[in-house]
Amino acid sequence: MAIDYDKHIPVLLNEAVTALNIKKDGIYIDGTFGRGGHSRLILSKLGNKGRLLAIDRDPAAIAAGRNIHDLRFTIVQRPFSTIADYIAELNLIGCIDGILLDLGISSPQLADPDRGFSFRHNGKLDMRMDTTCGISAREWLKQASVQEMTWVLQHFGEERFAKRISQAIFHQNRRRLITSTSELAKLITTIVPWSNKHKHPATRSFQAIRIYINNELKEIEQVLNSALNILAIGGKLVVISFHSLEDRLVKYFINKHSKLPLPPTGISLTEKQIADLYKNRHLTLKNLGKIRPSIQEIKVNPRARSALLRFAEKLDI
């Protein structure tokens, strides 16, 4: 029996689409189409004049999107960091009523051994979101130094055993090249103890390598900055993150644009000094809060456990 790698349960589905506050004639962006769970719900709430622009850099996601036959829907393959260029091409800068980003990796990507994202399935050590370009995890591990690998595991995986893991990978690749996910996972389990029965020892390392290979954090920074320009006044930014590195970027971005700087404590400022502090500082976002999955959703979809949704609204400055 064939395995259905496209089976995917969207996390915080209703909450995310509700946060967008869909207008019947609005123009919306699903910046991480995946398998279209969020897109389909958005389309169900749009009127005949509404539009949904979907983006994904995964060829498999694009193939799935071709199955949506709706004149209000368009899907393109590109990194979401290039979203501003795409919207400029459509002459829609400042016209977007909502942007949805469901960050991280999808269930279909994890479930397909050939993608190389999971330590639970033996497959090629690839890890690229877009399999048509870039360097695979196998190729990078083959050429990276111990210092490079250590930095990646520490910064993108917060892995305490980063140096020992990196040394083991480096020396193993000198003996015989690591080519599969199971080989890499087994090597890591000889170094990292099972301190948490619910968390595989290779979790942090696989996350770190994947983030590095796909330049994920830089992608997030770029798409968030682009959102300010392409959103209409009153437009919503909705972001679902799954680990602290992602959420830290989203939280910082929203707070940066929704809070004025606090004056230094313990120092008396003149009216002019206070005026200078806030000169040319305009709030561009309204922080609308955060939402976590319900206990019921987590029971149905354990993947939702680590999810956190943050949303904001563009202000008229």
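The backbone N, Cα and C atoms fix where each Cβ goes, glycine too.
Positions annotated as S-adenosyl-L-methionine binding site by Swiss-Prot: Gly36, Gly37, His38, Asp56, Phe80, Asp102, Gln109. Taking the Cβ of His38 (S-adenosyl-L-methionine binding site) as centre and 10 Å as the limit, one finds 29 other Cβ atoms among all the protein chains shown.
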Asp102 (S-adenosyl-L-methionine binding site): secondary structure state under DSSP, collapsed to three categories:
strand
Would you count the other C-beta atoms found within 10 angstroms of the C-beta of Gln109 (S-adenosyl-L-methionine binding site) for me?
22
Pairwise C-alpha maximum, in angstrom, for the residues (Gly36, Gly37, His38, Asp56, Phe80, Asp102, Gln109) that bind S-adenosyl-L-methionine according to the record:
18
Which secondary structure state does DSSP assign to Gly36 (S-adenosyl-L-methionine binding site), in the simple three-class scheme?
coil
I want to verify one value. Collapsing DSSP to three states, which class is Phe80 (S-adenosyl-L-methionine binding site)?
helix
Taking 10 A as the limit, how many CB atoms besides its own sit near the CB of Asp56 (S-adenosyl-L-methionine binding site)?
26
